[in-house]
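Trainee: What Swiss-Prot records for this protein is below:
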- 222-236: compositional bias 'Basic and acidic residues' (COMPBIAS)
- 245-257: compositional bias 'Basic and acidic residues' (COMPBIAS)
- 274-283: compositional bias 'Basic and acidic residues' (COMPBIAS)
- 340-354: compositional bias 'Acidic residues' (COMPBIAS)
- 358-372: compositional bias 'Basic and acidic residues' (COMPBIAS)
- 398-408: compositional bias 'Basic residues' (COMPBIAS)
- LYS46: SUMO2 cross-link (CROSSLNK)
- 11-57: domain 'G-patch' (DOMAIN)
- MET1: N-acetylmethionine (MOD_RES)
- THR4: phosphothreonine (MOD_RES)
- THR116: phosphothreonine (MOD_RES)
- SER128: phosphoserine (MOD_RES)
- SER130: phosphoserine (MOD_RES)
- 116-141: region 'Disordered' (REGION)
- 187-408: region 'Disordered' (REGION)
Amino acid sequence: MSITPEVKSRGMKFAEEQLLKHGWTQGKGLGRKENGITQALRVTLKQDTYGVGHDPAKEFTNHWWNDLFNKTAANLVVETRQDGVQIRRLSKETTRQDHAKPNLLYQKFVKTATLTSSGEKPDKDWESCSDDDSQEPKPPNVLTDEMLLQACEGRTAHKAARLGITMKAKLARLEAQEQAFLAQLKGQDPGVPQLQSESKSPKKKKKKRKQKEEEEPTTTERSAEKYSEHTDESIRKSKKKKRQHQEERVTDEREGTAIENEEETIRTGGLGELKNREHVDRSFRKKKRRGQHHEERAELAVLDNEGGKVAVSEVGTEEAERRVYTHPCGRSKKRRQHEEEDLNTEDEEVEEALVDSGTREAESRSCSDQKRGRSKKKRRQYQEEEVLDGPGVNTAQKAKKKKQKKRD
């Protein structure tokens, strides 16, 4: 057990220091013989309004009601006669004589007689007192409860009863306990103690017993039904919970597989996109090279046939159109512009298709196949135009074919 040290004030510390200077140690008493006090006096605050010499335990030890009953019992005298018992109250004078104060004049001497000129005269009062002392002591008068109630005119120590607050229920319980205790002593079953005022007829008791017997099976049936309903509800709830858990597991597994498939497609799709882009770039390079070769061949053929010269003297709308249409330089420039525009548009379309294709290989493959088909068609068209541009084709035939293409 750890004892907390006392917190000392400045005054206590100063006093201890002064005593220690003069040879005092803790535990010694004050004085030359060291038999004085060992602890310092301490001032305490008085928190109440009681005077000096007040005993706080007096309210617990002072039995005022007992003194009151003793005083009233001392003032009563019970006389038994042939007619009956009679209670008589003593007057205040008699009570004063009985409890007279002792005479302290001759406290240490016994007065037997008075000296006179003729001689001693004995005291009559003393003789009477001696006669009274020689008699036997009288037994105390013990009063019963009924006598005390009559003497007190029905008043008791319970002050609340004067205002109508009685203890009938408590007294009834005590009486019932006494009856049960007496029944146990006699060897009978205590049962339910009943008062005379609350006694009931045997017919009513029989009816109550029958009602209880009839109610018991109904209550048991109801309790069984409630228990069965409760168990059914608990089973249903458990089944629902199991189903919910199973559905959640299935959905989680599906989501996991879908995510894994998406990741795999992303990985494979990225590789497919790279391959498709490389393949498309190669095809476009080949197309450009082929177009360039075809243009060079056509220019060489035109130069060889016409000698690179055009008649300037011929004037007219038809001849001018023919010259422009049949002029190899004009043709080659326009073709190059058209081809470059077509190639640029194809590049843009391919890039958009690759971006939109996302992460799936099937879409990218289908898009690349479609673009290949388009590029093949355009190649055929270019070849046909080159054939038409040749020296053996008329301008009328070329115009008709162009109109048909526009309609298509």
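Just so you know, the numbers here start at 1 and follow the chain as drawn.
Glycine is treated like the rest: Cβ placed from N, Cα and C.
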Trainee: In this predicted model, what is the average pLDDT of the domain 'G-patch' (11-57)?
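Mentor: 85, rounded to a whole number.
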Trainee: Long-range neighbours only, meaning 6 or more apart in sequence with Cβ under 8 Å: which ones does LYS46 (SUMO2 cross-link) have?
Mentor: none
Trainee: When a 10 Å sphere is centred on the Cβ of THR116 (phosphothreonine), how many other Cβ atoms does it contain?
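Mentor: I get 8 for this one.
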Trainee: Let's see if you can do this one: DSSP helix, strand and coil counts over the domain 'G-patch' (11-57), in that order.
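Mentor: Final tally across the stretch: 11 helix, 0 strand, 36 coil.
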